[in-house]
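K.L.:
Sharing a structure with you now.
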Amino acid sequence: MAPMGIRLSPLGMAVFCLLGLGVLYHLYSGFLAGRFALFMLSDPAGGGPEAARGAVDLRELLAVSVLAAARGGGEVKRVREGNVLNAKAKGKTREGAEEQLTTGDLLSNRRMFHLLKGAFPAVQINSEERVDTADQDTVPWDRSIPEDIKQKIPPKEVPAESVTVWIDPLDATQEYTEDLRQYVTTMVCVAVNGKPVIGVIHKPFSSYTAWAMVDGGSNIKARSFYNEKTPRIIVSRSHAGKVEQVARQTFGNKTVIIPAGGAGYKVLALLDVPEKNQEEADVYIHVTYIKKWDICAGNAVLRALGGHMTTLTGEEISYTGSDGNEGGLIASINMNHRALIEKLPDLEKTSHK
């Protein structure tokens, strides 16, 4: 007797295969659809669809920079008004002065860094204070753009790898500890291929913010008045003596030297700032080494308004590579910048003392 077996017709085989395919589709279609959607919506460089192509919209970066400066400023103000600075020395400057570090520096840095990094994770961010890599704090951004920025700045994409962001979470820390609040600022600068193109300077204790974008627009104007007979030169409080003698020899005995704290404050002194406690100057001079996060935002603002910030010998400052500028600086607006440099040949030597 022949062994018994089961024999399926071609129709049965077809039905069996279809049932198997149906089960597989049911099991995996949701997974595959989810992966496809994640791929389509992924944000590898921060930002919207343009980020997926490795590009950054500078208008969006300006908007989040303004917000970051204000958020950091909020921390700076809160710590100062609560008198919980916990100030300590973090090292010495090249001139031997102690550099102060406060809770305001750290909390402002944390808030600003994570807001910017969360919005544009592929962009390099350099900050004055160290960022704890174990800190997984996220500060969300809703991608809204203020109306004044929308009206003045068109969208502009640049490659993400060409962008470097410089953060100064608390400029004028020494003055901050002395409760000289008018000098304190928080700043964000965006450099593209080493050139400063976006600058934001925020004054936490008055809530005033100046911003500008090169070849874009700004919410601030330059001062137009300059009296050659009584030029006003703004310098660091510790450098007034170094600059005064040379400046008076160059411009005359009526030259006014304005000692002040904070690089951000000094740049604002060259501009039309609607604040009573903001001093006014014609030229900003710094005669020693200075960190790039101190000056990048001011450099960008001046460039956007037609002004200049260079080393004391007239060289442009590149915002790539090291975090320091060795050649001092001279900044001006609505003036013959090259003529200023030629008038002050001795200051470059002073910068290395």
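Each residue, glycine too, has its Cβ placed from N, Cα and C.
Pulled these from TrEMBL:
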- E128, D168, L170, D171, D294: Mg(2+) binding site (BINDING)
K.L.:
Where among the binding-site residues E128, D168, D171, D294 do you find the Cβ with the fewest other Cβ atoms within 10 Å?
P.N.:
E128
K.L.:
How many other Cβ atoms are found within 10 Å of the Cβ atom of L170 (Mg(2+) binding site), counting all protein chains shown?
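P.N.:
For L170 (Mg(2+) binding site), the count of other Cβ atoms within 10 Å is 30.
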K.L.:
For the Mg(2+) site given as E128, D168, L170, D171, D294, which other residues of the same chain have their Cβ within 8 Å of the site's Cβ centre?
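P.N.:
Output for this site, in sequence order: I167, P169, A172, T173, T185, T186, M187, G262, A263, G264, K291, W293.
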